[in-house]
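Notes follow the structure.
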Amino acid sequence: MSMTDLLSVEDIKKAVGAFAAADSFDHKKFFQMVGLKKKSPDEVKKVFHILDKDKSGFIEEDELGSILKGFSADARDLSAKETKTLLAAGDKDGDGKIGVDEFSTLVAES
């Protein structure tokens with residue numbers, strides 16, 4: 001399964017393009033723009049599993065840094081500051097990574 005099976009190519013392009021500038025990433029706006037906010041809990045979990053590149057069951061800090069590339073291969077990496085901000089927003093239990101339930105909450109709160 002690919003991201004475009006779940007989200008519109010046009011929405012992905014617009015959302016990735018909106019945060020092309022360094023240090024401009026806002027996960028709440030991004031999740032809304034890309035259409036994730038409108039997806040069912042099951043579809044949000046499918047997106048999580050696509051972003052979990054190493055299939056560990058978690059999105060770790062290095063995977064978060066390249067989260068935009070999970071939506072579009074030619075997107076930029078997040079800066080260290082953006083990555084830390086996203087991790088802090090999503091890591092509810094403080095284990096340094098984001099699990100599927102934490103990701104679902106992060107999207108729902110957007």
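Just so it is clear, glycine is given a Cβ too, placed from its N, Cα and C backbone atoms.
Listed in TrEMBL for this protein:
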- ASP52, ASP54, SER56, PHE58, GLU63: Ca(2+) 1 binding site (BINDING)
- ASP91, ASP93, ASP95, LYS97, GLU102: Ca(2+) 2 binding site (BINDING)
- 39-74: domain 'EF-hand' (DOMAIN)
- 78-110: domain 'EF-hand' (DOMAIN)
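Positions of the features from TrEMBL, shown on the structure.
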residue: ASP52; record: Ca(2+) 1 binding site; Cβ contacts under 8 Å, 6 or more apart: PHE58, ILE59, GLU63
residue: ASP54; record: Ca(2+) 1 binding site; Cβ contacts under 8 Å, 6 or more apart: GLU60, GLU63
residue: SER56; record: Ca(2+) 1 binding site; Cβ contacts under 8 Å, 6 or more apart: none
residue: ASP91; record: Ca(2+) 2 binding site; Cβ contacts under 8 Å, 6 or more apart: LYS97, ILE98, GLU102
residue: ASP93; record: Ca(2+) 2 binding site; Cβ contacts under 8 Å, 6 or more apart: GLY99, GLU102
residue: ASP95; record: Ca(2+) 2 binding site; Cβ contacts under 8 Å, 6 or more apart: none
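PHE58 (Ca(2+) 1 binding site) is surrounded by 18 other CB atoms, counting those within 10 A of its CB over all protein chains shown. The Ca(2+) 2 site is defined by ASP91, ASP93, ASP95, LYS97, GLU102, and by the 8 Å test on Cβ atoms against their centroid, the other residues of the chain that qualify are PHE58, GLY90, LYS92, GLY94, GLY96, ILE98, GLY99. Confidence for the domain 'EF-hand' (39-74), expressed as mean pLDDT, is 97. Only residues 6 or more beyond the boundaries of the domain 'EF-hand' (39-74), in the same chain, are considered here, and those with a CB under 8 A from a CB of the stretch are 1-3, 6-7, 12-13, 15-16, 19, 25, 80, 83, 86-87, 90, 96-100, 103-104, 107-108. Remote same-chain partners of the domain 'EF-hand' (78-110), defined as residues 6 or more beyond its termini with a Cβ less than 8 Å from a stretch Cβ, comprise 22-23, 25, 27-29, 31-32, 36-37, 39, 41, 44-45, 48-49, 51, 57-61, 64-68. Shown in sequence order, LYS53, LYS55, GLY57, ILE59, GLU60, LYS97 are the same-chain residues outside ASP52, ASP54, SER56, PHE58, GLU63 whose Cβ sits within 8 Å of the Cβ centre of the Ca(2+) 1 site. Using a 10 Å Cβ-Cβ cutoff, GLU102 (Ca(2+) 2 binding site) registers 19 neighbours. Taking DSSP states H, G and I as helix and E and B as strand, the domain 'EF-hand' (39-74) has 21 helix, 3 strand, 12 coil. Cβ neighbours within 10 Å of GLU63 (Ca(2+) 1 binding site), excluding its own Cβ and spanning all shown chains: 19.
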